[in-house]
Amino acid sequence: MNKFATVLVLASICLAGVSAQCPRIVTRAQWGARAASTAQLPIRPAPWVVMHHTAGASCTTDAACAQQMRNIQSFHMDGNGWADIGYNFLVGENGAAYEGRGWGRQGAHAPGYNDRSVGMGVIGTFTNAIPNAAARTAARNLITCGVSLGHIASNYWLIGHRQAVATACPGNAFFNEIRTWPRFNPNV
């Protein structure tokens, strides 16, 4: 086998390993995001992952989740005056991850952590019930994906939004769930 063919085979094996860890990611263009300009994340790879819920309606279909993403982006941009949707990624109960600001961009989701974290959340309200299995799996896989791609530090810490600022987010039920996830840091 020549060197070029060997490199192609090795690259295919590496990409297959990464894609196996990544959930289906719906790009900004695919969900109909408005144009925005946000700053680069100054600390990379991000040493923190901050988990949220959107405290609104949940979604279980691609169309409903895309609509929720547009609604959240409009609220953040028009209502809050932010440059874009505040989160780096959100996950729907359809098991897909939705690109918000994306990898390597500074979010507007957790004061004190925005310049050093990836803000992820699940679309919906999770005060009394946890997100479904598809959403939980996609969220955990998205973290693993970020580590594999070099966007999240391998020794990252996971926290709930309420640990960064006084808020009920990510909801009592979901917060109790993420406390069982790898790399959760109770001592922020």
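Cβ coordinates are placed from backbone N, Cα and C, and glycine is handled just like the others.
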Point to revise | CYS145: disulphide-bonded cysteine as recorded in TrEMBL, out of CYS14, CYS22 | key: CYS22
Point to revise | Second cysteine of the disulfide that TrEMBL assigns to CYS65, among CYS14, CYS59 | key: CYS59
Revision key, fill the gap. The domain 'Peptidoglycan recognition protein family' (23-165) resolves under DSSP into 41 helix, 33 strand, 69 coil
Study note, to complete from the structure: For CYS59 (disulfide bond), the same-chain residues 6+ apart in sequence with C-beta under 8 angstroms from its C-beta are CYS65, GLN67, GLN68, GLY92, GLU93, ASN94, ILE123, GLY124
